[in-house]
Structure formats: structure tokens, C-alpha cells
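Listed features, source TrEMBL:
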- 66-216: domain 'Glycosyltransferase RgtA/B/C/D-like' (DOMAIN)
- 12-31: transmembrane segment (TRANSMEM)
- 87-107: transmembrane segment (TRANSMEM)
- 128-153: transmembrane segment (TRANSMEM)
- 165-193: transmembrane segment (TRANSMEM)
- 205-225: transmembrane segment (TRANSMEM)
- 301-322: transmembrane segment (TRANSMEM)
- 334-353: transmembrane segment (TRANSMEM)
- 359-378: transmembrane segment (TRANSMEM)
- 402-423: transmembrane segment (TRANSMEM)
Amino acid sequence: MMSKQFNEYSYKKFSIVLTLIFLIVTSYVAFFEHTSWIVDQDGIGYLHGGESILAGNGKNVKFFDAPYGGAIFFALVNSFFDDGFTVMKMISIISGSGSVFLSYYILRNVVRSRTAFLGQLFFAFSPWVGFFSIQAEIDMFPIFFIMLSLYFITKSELSKFDILLSAVFIAISFMVRTQTIVVIFTIVITLMIFFKNDYRKNIKFLIIFLSVLFISLGPLIYYNYDTHGVYFDHDLSFYLQFASKYQTIEWKERVTEIAVNGDGTLEAIFTDFDLFVKNYLYNLFNNSPSKFFNIFDKINISPIPIIPIIGAIPIIGGAIHIIKNYKNNHSKNILPLLLLPLVFWLLTSLVNLSAGEQFLVIGISFALFSAVFFSETLPEKILKNRKTSQIKNLNIDNKKKLLICSIIILILISNFGYSYVMYRATTSFQAFENISTEIEYVFHPELVQKRGDVLNDIWKKLEQENNIENSYIMAPQLYFVPYGQSKLLFAHFNEGPSDDTIENYITRENWKFTEKFHSNIHSIPADRLDENNPIPKYIVHIDRDFGKKQHEFIKILNDPYDENIPSNFENIYFSKEHGITVYKINN
């Protein structure tokens, strides 16, 4: 008994130490290395949108991929500090570290201490957890509340108070990111089957959960209805129009109209149901498994992301072990973590997910499966008693234990390396080539061309311009306009007719309604109601043909010496190496 208590106490201390190390490392990277909005540029849009809502201009704000709760919260906190980049990074660091801390206690609810700590290690070393814990983005904030909700719903003895807290925390998460709906469905299914011999109790707990959930969502629902006349102001049609594998021109245009008009997910699905089913099956059996197990997909949530397919072994092996031993060794409170990936797979296959942060929801389940595989499945399979001498058995067992530990350490090191490469590649102009090149970058950091340095050089030119804070800059990325320093007119350089002119293009007079709508809602300030009709004073052009759709008459901006460039376009910045050209548009 004393030994068991000692081990429990030791692993709790280890879990705290791991959390502190995670906090220190992410804080260092966030504040000393990550100095510019780049991958996390969506944070700029959310922050500005939240500020517009707080200023009473919410009718002009539209988010396709998130509710308004997160934007309002971040803007409210920033109103006390007036440093959005730092505020959002700090919240991400705290949320990520809190999630790592909670991961041990969630797993300890369902497995023994050693396995729980190993699962915490896998969760903390997940490249996506670390990566988004340093970003000025909203993604880790809802994950923290999902983890809080899962902690209470995975307790061995559920009480009404546990159900209440789980519902409140999951509601907070949903008000920031809609991916939380996967966890809501998982908890609902769990509560429906939790007590096998007491269905009345199941119904009672389910009613408590749903009632508290909808009451907690009341402020968001009220805001949506009062401001926009709908209960929920976002749906899946946004993802369907952009990310579907199989499309037709007519279908895409119709779904885009549905997304813009807010006609709802069902309307988009039944526009061409056969095409929807074709896309769903593709996502179900191709896209999602590729992301789960790295079936030659660089963006994946596999526990071993650098090696294709092999990550399926601990996930599937651990899940099978849990299912086989469910009645004997595991209590029913493991159900949410067991069901979560399945529900995620079935629900999210409605759309083609492509970003790593979209899979963070199931990170805790994959950490559990991997930990069970290495802590329980493998030892049971390879450390069985044999009919040989006890001393010889002990030596063999020690060697096999050392082998298992070595594999775990190698996985964690490789994940750390994957995290480094992902951060380095996304914040510089050099894509990943090979491991030897990455090692060279480590010892010769001066070879890395950081995007942040180029952005700072561009802004040094722009900030010298008169009245820049009130001028519009047309650009295809939000990060070209530092937070609060100017106004942005968002453009992909593929809008409007292909035979138009640059002079007409910048006025957007020949753009389709849907193209102008997308430009308006992604501009700063947002202009959902199309009231501003801004004309840009500056244009930032990137020599990157997104999807090979950039108009030919726009491409002439690549070369500031091209004779076809309008005479009133004054070149103020040019980098042939990075393919960026900035023009001032004189009257």
C-alpha cells in the first residue's frame, strides 16, 4: 500500500514538473522567437472582429469558421493591455500548459498512474499542442475547456455536479470553436449508455447536461438572434465551398451563395446530395485516415508524425487492448475517450479537414491509446513468463523493458524535432528539404530567412507614409498589416473577370457579389453590410499563384519595371528573392 501511494505521489510530481517544463519552453519560444503574426494571422481578424462587436458594430462582423465568443473574450482582455499579439500568445501559453496539466488527471481517471503519465508525455510532445500553444490564435483556448469538461465526465463516480461543470465548460469551448460539437455528441452518447441497469438515471443526467449546456449557450444564442436574426451565425457551408475534393462550377457557386446568405448546412448538402455523399465517403476513407495515421500526409496527428502509417500501430493496438479489457480492467468512465475519435471521424468527414489544429480535439484520446499500448499491451505480449531460469528471465525482461523505453524516447525526440521543423518552416521562406539541411539550420541560424524580418522591412517603408493609419492596403494576407497600424482590403488577386484591368480590379466594381462579400468580411475593419466601399492606397503583391488562378493582368505587378503597370503605381518595396512587391497608388 505504501509503495502504491508513493508511486501515485511520484507521478503527480512528475506531471507537475512536465507541465512547468512545457510552460517554460513555450513561453521562451513565444516571447523570444515568435515575434510576428504569421501562421496565426487569423488572430488579427478575430481580435479586430471582437473589438468591432464591443464597439457596437457587430452587424458588420462575420466569422465563417468560429462563433463570436472567443473574439469577444480576447478583445475584452486586450482592452486592458492594448497589445493583442502578446495577450493572445499569453492566453495560448496558459491554455496549452493547462491542457497538458489536465491531461494527466483525465487519464488518471481511467488508467493507472504510470500509464497516465506516459499519456501526458505523448500529449505534451504532440507537435500541434506545442505549436498552437505559442501562437496568437484562439485554438488552444477552447481545447483547455474541453479538457476541463472531459476531466469531470471521466470521473469514476459521476455526480450531478460533475455533469453540470462538464456542460458549462463544454459550452464555453463551443462559443469559441464549433469543433467542440464532436465532444458534445460524445458526451451525449456516453450519458445515454453510462448506467446499463438504470436508464432513468441516464435520462436524468442527460437532461441535466443538455439543459445546462443550452442555458450556458444562452448569451451566444441571444447575441446571434438579436444582431443577425439567427440562432447560430455559422455553418459547414463555408468549408464545403472551399475544401470539397469533388466539385462542379455550378455547385461551388450555389454553395458559396448559401454560405454568404446563411441558408444553412442542410441547404448546402441537398444542393447536390450525390456529390455530397461522394465527398463524405472520400473524407471518411481517405482524408481522415491519412490525417490520423500519416498515410503519406505531412499534416497529421499521428503519435509518430514523421514516419508514414507506423503511428497506426499504437493507436489501434491501444484501442483494441482497452476494448478487450474494458469489463475487467477499465471502468465505464473510459467511454468518452474511447468514443471521441469514432464520433470525430464520422462527424468531421462531412467536410475535408486539412489543418492540424482541427484535429486537436482527439489528441487526448490518441495519447491514451499510445500510452496503453506501450505501458500495457507491449509488456503483456513480450514480458510473459517462460520456462527458463529466473535470472535469465530477469535479464531478458530488463533488455525488453529497455527496448520499450528506448522506442518511447525516440518517438518523443522525433516529435520534438517535428515541432521544431514545423515552426522553422512556417516562419521562414525555406521549406523542409531533408534532415541534414535542418541540422545545418540549427548550427547556422543566420541561413534561415525569417518571414518576420521581411514583414518588418515592408512595414518600415509603409509606416513612413502620411496618414498610413487611415489608409487601406490591399493584400492577400492579414499579416502584412500590423495590428491596429492601418486598414486592410483583403484580396486573393483572382476575383473578377480574367480580362479586367488593374484600375478596375482595385475598385472591385466588376467582382461577383460573393467575391466582394468574402473580401469585405476578411478586411479590417470588417464590412459585412458592404457600407464602406474602400479604395486601396497601397497594394502588396505576392508572386505566388494560389491554385494557378491569379489573373494575368495582376501578375505584371511581379516586376516593378514592367511597362504595362499603370503610371500612378509607385513602387516603394521590391524583393525578387521573396516575390513581394509593394506599390503606392497615387491619385
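Each Cβ is built from the backbone N, Cα and C atoms, and glycine gets one as well.
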Positions whose Cβ lies under 8 angstroms from the transmembrane segment (301-322), at least six residues beyond its ends: 122, 126-128, 291-295, 330, 334, 338, 341, 356, 359-360, 362-363, 366-374, 376-377, 411, 414-415, 417-418
Close approaches to the transmembrane segment (334-353) from elsewhere in its chain (Cβ under 8 angstroms; 6 or more beyond its ends): 106, 110-111, 150, 153-154, 179, 181-183, 185-187, 189-190, 193-194, 236, 239-240, 243-245, 279-280, 282-284, 287-288, 291-292, 319, 322-323, 326, 359, 361-362, 364-366, 368
Interface check, the transmembrane segment (359-378) with the transmembrane segment (128-153), three or more C-beta pairs under 8 A: yes
Intrachain residues whose Cβ lies under 8 Å of the transmembrane segment (87-107), provided they are six or more past its termini: 11-12, 15-16, 18-19, 22-23, 26-27, 30-31, 34, 40, 43, 47, 74, 77-78, 81, 115-117, 119-120, 123-124, 129-130, 132-141, 143-144, 147-148, 150-151, 154, 337, 364, 367-368, 371
Per-residue pLDDT averaged over the domain 'Glycosyltransferase RgtA/B/C/D-like' (66-216), given as an integer: 94
